[in-house]
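Below is one structure, written out as structure tokens; the observations come after it.
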């Protein structure tokens with residue numbers, strides 16, 4: 001591997017990851033560590049949603065079903081078997097396989113539909129999983145849920161922190177690689193214009209189904225981590241609120257950027273914690289979902305590209321401006337004139 | 001005599017409930033540039049979209065290299081060796097120029113790399129703005145990118161829809177020149193309203209009016225036929 005060819009951003013992300021490794025040695029408070037762990041888990045979940053929404057242009061209101069599948073698979077396996085590492089690995093495998101099968105079936109049945117029909121159908125399917133979890137009490141414990149035990153190593157908050165951080169870093173770099181591959185380019189082309197992509201010779205349903213499976217599997221893995229972080233599961237892991245949260249994280253951070261959903265997850269998680277702690281100050285902070293709604297509206301109006309998208313655009317414009325400044329003034333004038341002519345002609 | 005690469009026979013097509021193509025029949029000889037002419041709304045773009053499978057053929061047949069393609073899906077038609085440059089450039093605005101080119105490449109072999117180099121020499125602006133988003137290019141550059149993208153694969157036939165639309169005359173000249181260079185290597189079916197451009201590039205023409213092919217002949221003859229030009233193209 002040629003290190004000189006590694007992108008500068010990769011080094012930055014690696015440096016941040018290393019900094020995060022030392023955080024639990026500095027932040028020793030269990031509640032703060034727990035919040036950071038939740039942030040890592042939701043960052044993974046939000047990245048999985050970004051593959052659908054940001055890279056492929058698929059709007060799903062039922063993405064939470066994969067998160068729930070992961071959470072319940074782990075909880076049920078750990079509840080029924082001995083709490084060993086082997087059981088945990090088995091739980092992960094089952095969670096991934098189940099999510100892959102469900103996302104494959106859902107994708108094949110629904111991704112031929114127009115986007116709004118797909119969104120509504122996924123919402124209905126997620127509802128079906130929620131009702132199933134409520135009614136199948138012998139397996140899921142219904143609304144009350146159930147607790148389960150974990151192997152010794154996963155009960156330690158520092159080990160759990162490291163596991164979640166490692167998962168986040170590996171999944172981030174894995175998905176980044178995927179989105180920069182020829183496959184990722186096709187997904188982005190589909191997002192922009194399906195017909196145009198099809199006329200280049202791509203069977204778009206295949207690509208959308210693969211994206212749906214990848215997103216489903218990653219979301220399921222986030223669900224695995226979520227259930228072990230709580231050592232408890234109930235039907236809230238299938239609630240639509242979770243999808244709304246993850247949609248919010250992705251849009252606030254910036255769709256189609258991967259790093260955006262991570263930042264969005266961080267902001268939403270920490271804001272949630274901070275606003276809830278202000279409940280004693282004013283009742284409005286108990287209803288933090290209202291504040292989320294306001295933030296969401298403001299972001300959509302003022303930062304339609306999200307935080308990362310807006311920064312990237314500003315950075316790109318600045319780079320362009322500097323490049324133009326460096327160019328020969330005479331040449332710049334000619335080019336500008338040609339562009340103006342073109343623009344004038346187009347606008348009649 | 002040249003063999004036909006593409007043959008449409010009494011093709012009819014609808015867009016939703018509207019009957020747009022009533023009777024389209026023409027042939028595209030291999031190695032030549034065939035031009036579809038006609039007024040706005042005559043059905044030229046719909047014809048190209050129907051060939052690409054973006055509109056369904058309700059009646060008639062479309063034969064490409066001896067094979068019926070009228071009932072195939074769009075991606076299968078594209079993979080048979082038909083490249084499509086849609087109207088209004090049809091590039092991916094959020095992808096960079098490089099990504100636009102790469103996404104169009106069906107394979108990354110030596111032959112495709114050579115074609116890529118050739119086309120980038122033809123349109124040096126694309127090389128210059130390789131990392132710039134397609135949407136940030138000027139109208140002319142977008143058109144060049146759209147043509148280059150279709151050309152980068154070894155397609156047997158290129159369908160080009162109004163490449164001069166909305167472009168300044170100086171850019172139209174550049175696009176004309178590039179299509180002239182491409183016609184040495186591939187067969188082209190061109191839809192064009194700019195008669196001057198069409199007459200420079202095309203050899204054979206078909207006039208479409210109200211979803212029907214109403215006239216055909218050699219481009220040189222059409223230039224002399226003022227009555228026909230006025231009747232169907234509104235050029236006096």
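Here the Cβ of each residue, glycine as well, is placed from N, Cα and C on the backbone.
If you look up TrEMBL, you'll see A:323-348 marked as region 'Disordered'.
Residues 33, 36, 157-158, 161-162, 165, 169, 172-173, 259 of the same chain sit 6 or more residues outside the transmembrane segment (A:12-27) yet have a Cβ under 8 Å from a Cβ within it. Residues annotated as transmembrane segment in TrEMBL: A:12-27 (among others).
As annotated by TrEMBL, transmembrane segment applies to A:34-52 (among others). Residues 23-24, 27, 58-60, 63, 66-67, 157, 160-161, 164-165, 167-168, 171-172, 175, 178-179, 187, 211-212, 214-219, 221-223, 225-226, 229, 242, 245-247, 249-250, 253, 255-258, 260-262, 264-266, 268-270, 273 of the same chain lie 6+ residues outside the transmembrane segment (A:34-52) yet bring a C-beta within less than 8 angstroms of a C-beta in it.
Under the heading transmembrane segment, TrEMBL lists A:58-78 (among others).
What TrEMBL lists as transmembrane segment is A:85-109 (among others).
Within the same chain, residues 57-65, 68-69, 72, 106, 140, 142, 235, 238-240, 243 sit at least 6 positions outside the transmembrane segment (A:115-133) and bring their C-beta atoms closer than 8 Å to a C-beta of that stretch. Per TrEMBL, the feature transmembrane segment maps to A:115-133 (among others).
Here TrEMBL flags A:160-178 (among others) as transmembrane segment.
Under the heading transmembrane segment, TrEMBL lists A:209-234 (among others). Among residues of the same chain six or more beyond the transmembrane segment (A:209-234), those with a C-beta under 8 A of the stretch's C-beta atoms are 34, 37-38, 40-42, 44-45, 47-49, 51-52, 55-56, 58, 63-64, 66-75, 78, 88, 91-92, 95-96, 98-100, 102-104, 106-108, 111, 140-141, 143-150, 154-155, 160, 163-164, 167, 171, 175, 178, 183, 187.
Taken from TrEMBL, the feature transmembrane segment covers A:246-268 (among others).
Positions annotated as transmembrane segment by TrEMBL: A:288-311 (among others).
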Requested in this report: Tell me, please, if the transmembrane segment (A:160-178) and the transmembrane segment (A:246-268) are in contact, taking contact as 3+ Cβ pairs under 8 Å between residues separated by 6 or more positions?
Outcome: yes
